[in-house]
Amino acid sequence: MGQSVVVLGAQWGDEGKGKIVDLLTEEIGAVVRFQGGHNAGHTLVINAKKTVLHLIPSGILRNGVLCLIGNGVVISPAALRKEIEELEDTGLEIRSRLKISPAAPLIMEYHIALDQAREKAAGGRAIGTTGRGIGPAYEDKVGRRGIRVADLHYPDQLAEKLRAALDYHNFVLTRYFGVDGMDFQRIYDEMLVFAEYVEPMKSDVAGILHDLRKQGKRVLFEGAQGTLLDIDHGTYPYVTSSSTTVGGALSGAGVGVQDIDYVLGIAKAYATRVGGGPFPTELDDKIGQGIRDRGVEYGASTGRPRRCGWMDIVALKRAVAINGITGLCITKLDVLDGMDKLKICIAYEYHDKRSEYAPLDAQGWEECTPVYLEFPGWNESTHGITSWEKLPPAARAYLCALEELAGCPIGIVSTGPDREHTIMLHDPFA
């Protein structure tokens, strides 16, 4: 029986991870976020009520489930407090169930200013970040000048670290980008207020996870973004700033390889991408626009329209291999309802040669031309179907083809946004 399950994106993010995490948290001990920040946007629909979470794990809507934020997550104090208060306004008990690693880095105001200044200066070469300071915060972490949750407990040490960081970042902001610098005293005072607020939630997340493992409790590791946006394995430099793979779950939560029993990869029945970067199967036509409209493909965090395209098996197989994915969850099947024909990319034409492997650089991806297999669509509605047998034959054939081509079994199919709109073929915890 699986005790610890990692849920992660197998495409370019926005695959529907939040719904699946919520679905699987009915009888578990904890959900842990292990990377990213409030650039994530996990949308949950329960009894037709929509909730969008950016930083807090998706298990928060389940009473009694412990929600953990690991050391691999970068935390915006303002965003965290806002999200907690919005959830508390709905009557949920949050702070007694939310535990935050002292080793988690903080996103400071100067990180946001730097992120936005860079994107503006880059013009047409911009990465397409959310402008929320995620990348600069990770840079400071690696550069060993980051301020972490633990530093808030020591006011003198906090002041020293903040002055040093501001000296560095204000120089870059004012001298290189020509924008205003940040005021030390105002930021320091705000951090002291946040220190008092976050102190009761500060906990040894890795220690909690080890204890839960010993107790035989189920734990779900919730990824953000997607494998193809991974800082190492994605379409660099059009990537996020953290490790979105199963390796990121280990280092970002503080557990070992032996602590993971099942890796669930989430993929849409088609493909989407936000921001810049290569996207071989992109549909820049009325078909792509139709998918965008039916799938409501607009960012939960930014509202930006998502680029839409056909399912890319070459990219999906790469995600399966990198993560050692045990089973797939295919989401948004119902978005394809009513389409006459569907296509799946099974290979690339690259430099006059056919390849079933993805290039290792963004320029290589840009030079790929997809090779498609065509499948008949279906006119019947799949929305809300909860049984495999009730799916239209053409929909079942499409899913079986995805499974065979990806070389990985499909364990879950999502047929709508609500928690109940799901076909459970295999429970990852079973």
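Cβ from N, Cα, C; glycine included.
Now, the feature entries from Swiss-Prot:
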ACT_SITE  Asp14  active site, proton acceptor
ACT_SITE  His42  active site, proton donor
BINDING   13-19, 41-43, Arg306, 332-334, 414-416  GTP binding site
BINDING   Asp14, Glu15, Gly16, Lys17, Asn39, Ala40, Gly41, His42, Thr130, Arg144, Gln225, Thr240, Arg304  IMP binding site
BINDING   Asp14, Gly41  Mg(2+) binding site
BINDING   Ala300, Ser301, Thr302, Gly303, Arg304, Pro305, Arg306  substrate binding site
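Reduced to three states, the DSSP call for Leu333 (GTP binding site) is helix. Taking only the Cα positions, the spacing between Arg304 (IMP binding site) and Asp14 (active site, proton acceptor) is 12 angstrom. Only Asp14, from the recorded positions Asp14, Gln225, Pro305, place their Cα within 10 Å of the Cα belonging to Thr43 (GTP binding site). Among the recorded positions listed here, namely Asp14, Gly41, Thr415, Asp14 has its C-alpha nearest to that of Pro305 (substrate binding site).
Sorting the binding-site residues Lys19, Arg306 by the number of other Cβ atoms within 10 Å puts Lys19 first. Counting only the Cα atoms, the space from Gly13 (GTP binding site) to Asn39 (IMP binding site) is about 11 angstrom. In the three-state DSSP scheme, Gly13 (GTP binding site) is classed as coil. Between the listed binding-site residues, namely Gly13, Gly16, Gly41, Gly303, Pro305, the fewest other CB atoms within 10 angstroms of a CB are found at Gly303.
In the three-state DSSP classification, Lys19 (GTP binding site) falls within a helix.
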